[in-house]
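> The following block contains the structure, expressed as structure tokens.
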Amino acid sequence: MAAVVALSLRRRFPAAALGGARLQACRGAQTAAAAAPRIKKFAIYRWDPDKTGDKPHMQTYEIDLNNCGPMVLDALIKIKNEIDSTLTFRRSCREGICGSCAMNINGGNTLACTRRIDTNLSKVSKIYPLPHMYVIKDLVPDLSNFYAQYKSIEPYLKKKDESQGGKEQYLQSIEDREKLDGLYECILCACCSTSCPSYWWNGDKYLGPAVLMQAYRWMIDSRDDFTEERLAKLQDPFSLYRCHTIMNCTQTCPKGLNPGKAIAEIKKMMATYKEKQASA
């Protein structure tokens, strides 16, 4: 019996050894494939106003995608930490909530933290600051005018009787609350406004898609008492009516919102408001 078992083992051993060799070869091939570098080029807008004689230019960096996270912001952070500490950009939450890392990536305005790196190694990823804005440095745009416009619409609840302020809740029906969906989620990243040709040419007077969508959000809030006053502020030829429904704003919004629709709704409300004023 022992001889039979030994013979059986000898017969099985060569097959087991062959299988083990195949497994090791397969694992070795996988390891080699995983270790093969995947070099990706990034051409990034650079300009430092504090550097004498410096002019806007593109600077190219190379990164091995095997050692980098999947998002464009991961690449930017890797470049700043490991290659060029002078590269300047905004970032904070890294999950599409704060809007800080808004920039133009491969021709479209979006958030660097939610935009995946194009893994086509033959293409250079091009990164610019938000278009048609003054640049503070590198990928950092000056949003002073944008924030001033946002402040001008008074983005908060306004009550004509404030005697009960802080004493009771301003209740809202489920239906009225649902009207705010698709509006309050705006993170003020300015991707939409800086993709709008009308805002490019009239940014000092036209409020732009982001601010107008926020204006609409407060106009239709059932708890707010200043809808007509808010409309009255937008009657001039520029604040609202420079929108020509190009719809770049809706196409580029990283949160999937529809500023163009909100602006159209304001125009409807404005028509009703003007009719009421004319008949008064």
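From the backbone N, Cα and C atoms, a Cβ is placed for every residue, glycine too.
Annotation comment: Swiss-Prot describes 1-28 as transit peptide, evidence class similarity to another entry. Per Swiss-Prot, the feature domain '2Fe-2S ferredoxin-type' maps to 40-133. Feature annotation from Swiss-Prot assigns N6-acetyllysine to Lys51, Lys55; the stated evidence is similarity to another entry. The [2Fe-2S] cluster binding site feature in Swiss-Prot is assigned to Cys93, Cys98, Cys101, Cys113. Look at Swiss-Prot and you will find 146-218 tagged as region 'Interaction with SDHAF1'. What Swiss-Prot lists as domain '4Fe-4S ferredoxin-type' is 176-206. As annotated by Swiss-Prot, [4Fe-4S] cluster binding site applies to Cys186, Cys189, Cys192, Cys253. Marked as [3Fe-4S] cluster binding site by Swiss-Prot: Cys196, Cys243, Cys249. For Trp201, the entry in Swiss-Prot reads ubiquinone binding site, with the evidence type similarity to another entry.
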> Can you check which residue among the binding-site residues Cys93, Cys243 has the largest number of Cβ atoms within 10 Å of its own?
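Going through Cys93, Cys243 one by one, the largest Cβ count within 10 Å is at Cys243.
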> Please report how many Å separate the Cα atom of Cys243 ([3Fe-4S] cluster binding site) from that of the residue listed as 'ubiquinone binding site', as a whole number.
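Cys243 ([3Fe-4S] cluster binding site) to the residue listed as 'ubiquinone binding site', Cα-Cα distance: 12 Å.
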> Comparing the binding-site residues Cys101, Cys113, Cys189, Cys196, Cys249, which residue's C-beta has the most other C-beta atoms within 10 angstroms in this structure?
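Going through Cys101, Cys113, Cys189, Cys196, Cys249 one by one, the largest Cβ count within 10 Å is at Cys249.
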> Using C-alpha positions only, work out which of the recorded positions Lys55, Cys189, Cys192 is nearest to Cys113 ([2Fe-2S] cluster binding site).
Cys189
> Of the recorded positions Lys55, Cys186, Cys192, Cys249, Cys253, which sits closest to Cys93 ([2Fe-2S] cluster binding site) by Cα distance?
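Checked the recorded positions Lys55, Cys186, Cys192, Cys249, Cys253; minimum Cα distance to Cys93 ([2Fe-2S] cluster binding site) goes to Cys186.
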> Could you break down the residues of the region 'Interaction with SDHAF1' (146-218) into DSSP helix, strand and coil, giving a count for each?
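Going through the region 'Interaction with SDHAF1' (146-218) residue by residue, I get 32 helix, 0 strand, 41 coil.
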> So of all those binding-site residues, Cys101, Cys186, Cys189, Cys196, Cys249, which one's Cα sits nearest to Lys51 (N6-acetyllysine)?
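In terms of Cα distance, Lys51 (N6-acetyllysine) lies closest to Cys101.
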> Taking the centroid of the Cβ atoms of Cys186, Cys189, Cys192, Cys253 as the [4Fe-4S] cluster site, which other residues of that chain lie with their Cβ within 8 Å of it, listed in sequence order?
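Other same-chain residues near the [4Fe-4S] cluster site: Gly99, Ile187, Leu188, Ala190, Cys191, Ser193, Pro209, Ala210, Met213, Cys249, Thr252, Pro254, Lys255, Leu257, Pro259.
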> Residues with Cβ closer than 8 Å to the Cβ of Cys98 ([2Fe-2S] cluster binding site), same chain and 6+ apart in sequence?
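Looking at Cβ-Cβ distances below 8 Å from Cys98 ([2Fe-2S] cluster binding site), excluding near sequence neighbours, one finds Ser92, Ile187.
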> Among the binding-site residues Cys186, Cys192, Cys253, point out the residue whose Cβ has the most other Cβ atoms within 10 Å, with all shown protein chains included in the count.
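Output for this query is Cys192.
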> With DSSP assignments reduced to helix, strand and coil, which class does Cys98 ([2Fe-2S] cluster binding site) get?
coil
> Which one is it: of the recorded positions Lys55, Cys101, Cys196, Trp201, whose Cα lies the shortest distance from the Cα of Cys189 ([4Fe-4S] cluster binding site)?
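For Cys189 ([4Fe-4S] cluster binding site), the spatially nearest of the recorded positions is Cys101.
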